[in-house]
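Down below is the structure, laid out as structure tokens.
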Amino acid sequence: MTGISLPPELQRVHMVGIGGAGMSGVARILLDRGGLVSGSDAKESRGVVALRARGAEIRIGHDASSLDLLPGGPTAVVTTHAAIPKTNPELVEARKRGIPVILRPVVLAKLMTGYTTLMVTGTHGKTTTTSMLIVALQHSGFDPSFAVGGELGEAGTNAHHGSGTTFVAEADESDGSLLEYTPNVAVVTNIEADHLDFFGSEQAYTAVFDSFVERIAPGGALVVCTDDPGAAALADRTDALGIRVLRYGSTGDNLAGTLLSWEQQGTGAVAHIRLAGEHNPRAVRLSVPGRHMALNALAALLAAREIGAPTDSVLDGLAGFEGVRRRFELVGTAAGARVFDDYAHHPTEVRATLEAARTVVDQNGGRVVVAFQPHLYSRTATFAHEFGAALSVADQVVVLDVYAAREQPMAGVSGATVADHVTAPVTYVPDFSAVAAHVASIARSGDVILTMGAGDVTMLGGEILSELRLKDNRGMPGAGAS
């Protein structure tokens, strides 16, 4: 939207950890709105390369002198909540110089000032639902600004400064930062215990969603999935606040949108829905598999309709939705097996993705093979049993060691902690460099192979394809055979 200038403190910004999914999106919007941006990151990445091409000055590695990448220095330094330690030399130097240090969610909230804002949150499905909503609005004649935690297949980016008056964003609940926002339309996909390392208890985690809903702007609405017990309870509590609630799901009373049925078609699906006030069902065609994707699409439809998007154009937009990077993303095919990559790192996400894979593979008589990398020692310890049960949906399971991210190792917790609870055939492979060859050795033609997790397991897809091609060329058992 033209006519809204950047706040003075955001006109010259240095960003610590600029290559991350959330940070790079904010940087892109700042640049597109005429701001000057510098930054630093621990390593080169696609995000860093893309931002440099748009004019950002970026240094690899962290050093106090990076604050001088912009002539005259920055008006603010932006950082994230947990990934960047307070001892980072650039943050130390900023405080020494008296330069304000601002968290990313605060910056995003400032960038949304003056817009009609639609925000999506929940334990699972945030990125995909946000992306579906963006694509639906674009197809309906809107040009929304947006910031999302993944790369849209259609746009090839995670953020955009649009010409319209609408801003769509993903609201991350993991650190409570969603309380920086005041949405006009809020979508809550589900609520289930997670991020207990930050919140300390399930009750504290759940409470942040109540606080978020209380921040909905006057005249706004909550779109919420009542198939999920946690979200359904939130809807009931929200009724008492006088906020308009649009419920969606497959069962329940007073639903604004009902998922009647869905059926798998190739790697996509067709969902049949009924909207409140309409007698005849409608069909929603999707290129992504799984019942959970049908529910995400229904949420996007209801949210888009709230700001005037025509139903038919929204449905057409959803039919063209190509997915999000690292959400059941096809990496390639070799030796008759298809390799997908997925970000799932919570038991519920793991189960939903594997069940979606099951519907795809059952059409071809193959098997579901998953290489799963647990993410965070605290999450692994808390949900080891649940991870084991979810992974057991697959036919063959390979468990990697834990991706620590920001955490220190925890005694007695490893990938084996998860593998011990898997009832399907399972192998624990702690040596990362050996995983691709092992997966290829057990794969058969017709299989769907998934690399799964929020860490560097995403790097393995290409390696598995290479190993499968070698296996196929050598005529080893299993290659090219069902």
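From the backbone N, Cα and C atoms, a Cβ is placed for every residue, glycine too.
Record features, source Swiss-Prot:
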- Gly122, Thr123, His124, Gly125, Lys126, Thr127, Thr128: ATP binding site (BINDING)
Other CB atoms within 10 A, centred on Gly122 (ATP binding site): 25
ATP site, defined by Gly122, Thr123, His124, Gly125, Lys126, Thr127, Thr128: further same-chain residues with Cβ within 8 Å of the Cβ centre: Val120, Thr121, Thr129, Thr189, Asn190, Asn296
Cβ atoms near Thr127 (ATP binding site) (within 10 Å, other residues, all chains): 24
Site of maximum Cβ density within 10 Å, from binding-site residues Thr123, Thr128: Thr128
Surrounding CB atoms that lie within 10 Å of the CB of His124 (ATP binding site), all protein chains: 22
Local backbone state of Thr127 (ATP binding site), from DSSP in three classes: helix
Long-range Cβ environment of Lys126 (ATP binding site), under 8 Å and at least 6 residues apart: Val120, Gly149, Glu170, Ala171, Asp172, Thr189
